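For reference, the structure discussed in these notes is given below.
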Amino acid sequence: MSTKVGDLSLIGLSSVQEPLIKQKHTPENYSVLAAIPPFLFPALGTFLFGYEIGATSCATISIKSPTLSGISWYNLSSVDVGIITSGSLYGALIGSIVAFSIADIIGRRKGLITAAFLYLIGAIVTAVAPVFPVLIIGRVVYGIGVGLTMHAAPMYIAETAPSQIRGRMISLKEFSTVFGMVGGYGIGSLWVTVISGWRYMYATVIPIPVIMAIGMCWLPASPRWLLLRTLQGKGDVESFQEEAIKSLRRLRGSVVVDRAAEQVDEILAELSSVGEDKEATICELFQGKCLKALTIAGGLVLFQQITGQPSVLYYAPSILQTAGFSAATDATRISILLGLLKLAMTGVAIIVIDKLGRRPLLLGGVSGMVLSLFLMGSYYIFYNNVPAVAVAALLLYVGCYQLSFGPISWLMMSEIFPLKLRGRGISIAVLVNFGTNALVTFAFSPLKELLGAGILFCVFGVICVLSLFFIYFIVPETKGLTLEEIEAKCL
């Protein structure tokens, strides 16, 4: 007998549609110890992303040194160094495109296992590269792993975390990225004075993707992805449903052993009530609730990049040096200082995000960014003999960014899309993120020459003001809601 897609009677549920999304849902029971591994192993992938950013900033110093590079092709042009720096970004763009095609077919767990394998290959090839082209191949392969990770990690965490702590868990992913960045700066500063130190910077991280792959092989598949496959008739209904029950028991711990089957039935019913039992088409991404979700997620990651974050960090060393900090040779230490500030402020966001909500942090944090950008602009236009203004603006900007756009853009991206199009929707949002990052990075220098630093920072401030209107009128509050309730109430 063939199973008709969406026929809930075949899996023990009534086909009569009732108001399944309750106004007040019962908080999910879970074990804290059981909730840690589903966050920890995907977060290793985001740690590797952050580490690459920090380590590469030091590696480009080492690889250009005639005495310390340990290679004969150290005389690299600025274009060559730019390719090294942006190689992983190009790979991430490729990874985002690949994820669009395969994400909902192979699932979040297998996507992260694939990313771990690419991280491992990319790190090894980069560390042992005998010539420049091989180095770039290693950087691009590593970057593809980044693209797959930044797509699959937030999805897996969002779909497996209890709703009460989902915001905190996904924000911890951002914490892991920043922690990796600080680690990359720190490890890089240790190896930067050693012959062939750039090779050791990339080799140091090789064990981590191995641990990530082993951990993801041990973890279960996302129960919501399994149930989506069930509803859409992609396999044997009973086996998928049984696997989802086992997955939920492992993810929540012993406290839900007796209720796992009941919770799976509730999730199935809620998914069906919001239309997840119908096969998704690409055109649906640009229609109805999916278009609204794409507007919210794409808008947040777009504003995350075009409000000046790469440019402000670019100026950070020179601003702190002007204020009387150490000479240019201590730029790495300055980067570590800013990384620690980012880490601390991300920690604050993690603590309060599930208490205050997403919108208050976004509105408050971005308002602080507006003030800091106009202060930065005024420093370069009017007050360049008062470096304290620039330092205060820099610290305010970094802190407010990590309270708002830093963690919350990725959080909203991972929870706002309907399940059946979550994979493709997040792929497009990640593509927008990395594509805009590349555009801002490449456009910064000519814009600085054309407008001057002061005017450019004021322009970023105006864009920040526009983002406040976008957040206030478009972005919903999702605090405490299950993923199914978000789809029913917010889209």
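Including glycine, each Cβ sits where the backbone N, Cα and C put it.
TrEMBL: automatically predicted annotations, no manual curation.
For 30-51, 71-100, 112-134, 140-158, 170-194, 200-219, 334-353, 360-382, 388-413, 425-444, 450-475, the entry in TrEMBL reads transmembrane segment. Per TrEMBL, domain 'Major facilitator superfamily (MFS) profile' is recorded for 38-479.
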So what's near the transmembrane segment (71-100) in sequence-distant terms, Cβ-Cβ under 8 Å and 6+ beyond its ends? 52, 56, 59-60, 63-65, 111, 115, 118, 122, 131-132, 135-136, 139-152, 196, 423-424, 426-428, 430-431, 434-435, 437-438, 441
Does the transmembrane segment (450-475) reach the transmembrane segment (360-382), going by 3 or more CB pairs under 8 Å (6 or more apart in sequence)? yes
Suppose I define contact as three or more CB-CB distances under 8 A, residues 6 or more apart in sequence; do the transmembrane segment (425-444) and the transmembrane segment (334-353) meet it? no
Who are the long-range neighbours of the transmembrane segment (334-353) in its own chain, taking Cβ under 8 Å and residues 6 or more past its ends? 54, 57, 167-168, 171-172, 174-175, 178-179, 181-182, 185-186, 189, 313, 316-317, 320-321, 325-326, 361, 395, 398-404, 406-408, 411, 479
Of the stretches 112-134, 140-158, 170-194, 360-382, which racks up the most C-beta pairs under 8 Å with the transmembrane segment (200-219)? 112-134
Count the CB pairs under 8 A between the transmembrane segment (360-382) and each of 30-51, 112-134, 140-158, 388-413, then give me the winner. 388-413
So are the transmembrane segment (170-194) and the transmembrane segment (112-134) touching or not, going by 3+ C-beta pairs under 8 A with a sequence gap of 6 or more? no
